[in-house]
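Q: I am attaching a structure below and will ask some questions about it afterwards.
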Amino acid sequence: MQIINDPAEMQKIAEKLRLQHQYIGVVMTMGALHEGHLSLVKLAKAHAGTVIMTIFVNPTQFGPNEDFYRYPRPFEQDAALARSAGVDYLFAPSTEAMYPDGYSTSIDPGPIATRFEGASRPGHFGGMVTVVVKLLGITRPHLAVFGEKDAQQLAIIRRVVTDLNIGTTILGAPIVRESDGLATSSRNIYLSSNERQQATVLYRAIRYAKMEIDKDRTDLEAIAGEAEALVRSEPDAEPDYLCFVDDATFEPVTQAVTGKAYRLIMAVRIGSTRLIDNWRFDYQ
């Protein structure tokens, strides 16, 4: 595995790989790698002959009261995990390399970015999608793999890649969960043992909603309210949002219609740690 820090060098390597007819897959991360990230690499390797991983803690997608400086950066450990997972190139630029003096461009992802995570974290999606487009330009991939856990992020990336005719295939990877159902996340390390136990309520809320949908209920707003009450039953759990949305547009929905795809989405603070989770389903 080759480690590269310079965007121009990475771009030259990617262009050379394309000239050699190598099919390139990219996995973008902020480091602090866990099983969820490694599952993205595995999926990328199943589709691409060459896999590039990026590690960049992007300051422009963190809000003023968020955990940019607290965010874990165990680079040596991450590099070892990437190497053992079969990554071919690890691109790890500095903030100065990505945003040099005079940098002024940003992308507005549109209305989908103003709801839910966008409302809770103003500016987050603009910063996220701008760096994604930059990294696509640097790594020149045919395929990019993103996790379904960040479902709104995935929907926005698909929209922007389509709207801007970028030409990269965007592949969503299933959520990887711990044995008790908690979605893997770099932020799980912030949870105390008691909070870690309470955090399983996110998955319990998903299981409850699935059970109610399986009863052919269509009243999604009511089911979401019941699931939120379950979340609030934990003493340190405080939902930012919990509702059903159209899977493509992330517009809130109150009633299920046969033949449509929906997603239950939630963001919940467990103590001081904010966790997200979701569940996608086709209503038949």
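Note: Cβ is positioned from N, Cα and C throughout, glycine not excepted.
According to Swiss-Prot, the protein carries these features:
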- HIS37: active site, proton donor (ACT_SITE)
- 30-37, 147-150, VAL176, 184-187: ATP binding site (BINDING)
- GLN61: beta-alanine binding site (BINDING)
- GLN61, GLN153: (R)-pantoate binding site (BINDING)
Q: Ten-angstrom check, please: count other Cβ atoms within 10 Å of the Cβ of GLY36 (ATP binding site), all chains counted.
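A: Result for GLY36 (ATP binding site): 20 other Cβ atoms within 10 Å.
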Q: When you tally the Cβ atoms that lie within 10 Å of each candidate's Cβ, which of the binding-site residues (GLN153, SER186) has the highest tally?
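A: That would be GLN153, with the most Cβ atoms nearby.
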Q: If I take the alpha carbons of GLY36 (ATP binding site) and GLN153 ((R)-pantoate binding site), what is the distance between them in whole Å?
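A: Each residue's Cα considered, GLY36 (ATP binding site) and GLN153 ((R)-pantoate binding site) end up 16 Å apart.
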Q: In terms of Cα spacing, which of the binding-site residues GLN61, GLU148, GLN153 are within 10 angstroms of HIS37 (active site, proton donor)?
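A: Qualifying among GLN61, GLU148, GLN153: none.
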Q: Most Cβ neighbours within 10 Å: which of the binding-site residues MET30, LEU33, VAL176 is it?
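A: The most densely surrounded of these binding-site residues is LEU33.
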Q: Go through HIS37, GLN61, GLU148, our recorded positions, and report the one whose Cβ sees the most other Cβ atoms within 10 Å.
A: HIS37
Q: C-alpha of MET30 (ATP binding site) to C-alpha of GLN61 (beta-alanine binding site): distance in Å?
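A: Their Cα atoms are separated by 11 Å.
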